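K.L.:
Take a look at this one; I'll ask things after.
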Amino acid sequence: MLSLMSFLLVAAPLKDGQISTAYFSGQGIFTAILVAIYSTELYAFLKRHNITIRLPPEVPAGVARSFEILIPVLAIILTLHPLNLFIEAQLGMIIPEAIMSLVKPLVAASDTLPAILLSVLVCQVLWFAGIHGALIVTGIMNPFWMANLSVNQAAMAAGTAIPHIYVQGFWDHYLLIGGVGSTLPLALMLLRSKAVHLRTIGRMGVVPGVFNINEPILFGAPIIMNPLFFLPFVLVPMVNATLAYFALKLDLVSRVVSMTPWTTPAPIGASWAANWSFSPVILCLICMATAMVMYLPFLKAYEKQLLAQERENAVGQADNAAQTA
């Protein structure tokens with residue numbers, strides 16, 4: 001509540017008897033993050049140094065706690081509000097607008113192909129090492145995605161060209177088809193594998209993979225820490241990212257204007273995110289075909305290894321059975 005109050009104090013000034021909501025969208029997310037950190041840390045500092053109103057122990061605990069927060073509230077109001085007024089007087093803009101002007105180069109850079117490829121590379125390498133790379137990368141990219149998405153939505157509402165490419169729907173439905181590494185095509189190929197182990201993993205993983213949950217494939221095949229799958233696991237999303245980027249850049253495919261659940265099956269989610277346009281479905285299917293072609297030779301090499309192991313195990317079991325008989 002304290003952080004929310006702080007954000008409203010700087011981002012929703014009262015003008016002409018009305019509260020401005022201009023920064024209640026993704027445009028205000030950087031301000032929300034910074035103000036929340038500031039207010040929380042200031043409250044913790046004052047609490048830690050006992051800079052609060054102390055009431056006698058006879059006062060009920062609920063009443064005492066309500067008085068304890070008065071000084072932190074006053075401290076936040078007396079720092080943020082004058083700062084907001086000063087910035088507005090000097091620069092002609094309030095704090096959220098000033099922050100957005102500072103981070104605008106970063107937001108613009110986040111919508112480029114190098115930024116997309118770098119974020120995908122970091123995600124894939126971390127995941128290959130067993131670290132949840134998607135959680136780390138999305139935590140960093142979410143503020144930029146939200147800012148880009150809000151601009152896209154405003155452009156759609158105004159009937160103008162949609163400017164941004166890299167938002168969460170792009171990440172979810174073109175780069176992570178079936179989960180990190182775009183493993184849904186791989187799961188489908190596992191269903192027809194000659195190796196019993198891979199067929200079993202395919203049966204376990206294909207249904208969750210449709211909903212972008214691929215831990216059965218990652219840890220069951222396995223892909224994680226498996227040298228044979230390192231190259232396709234890293235390169236497939238990067239190749240798909242490049243294909244999708246240029247398809248959207250050249251306006252061959254509709255751009256993302258809404259946030260969809262990440263568990264939405266890729267072709268449906270891609271269309272939904274682009275206001276139910278059909279072109280994202282075609283792009284999604286092309287990305288799936290690309291992933292299938294890239295995974296296939298590595299799958300065949302791994303399958304060959306497993307078939308040799310299965311033959312050895314079968315011979316060993318036959319020998320043990322003969323000795324027992």
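Backbone N, Cα and C define each Cβ position, glycine as well.
Nobody curates TrEMBL annotations by hand; they come from automatic prediction.
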K.L.:
Can you say which of 59-77, 173-191 is given as transmembrane segment in TrEMBL?
P.N.:
173-191
K.L.:
Under an 8 Å Cβ to Cβ limit, what residues of the same chain, 6 or more beyond the ends of the transmembrane segment (115-137), are close to it?
P.N.:
109, 166, 170, 175-176, 180-181, 218, 223-225, 230, 233-234, 237-238, 241-242, 245
K.L.:
Taking every residue in the domain 'PTS EIIC type-3' (1-298), what is their average pLDDT?
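P.N.:
The predicted confidence over the domain 'PTS EIIC type-3' (1-298), as a mean pLDDT, is 88.
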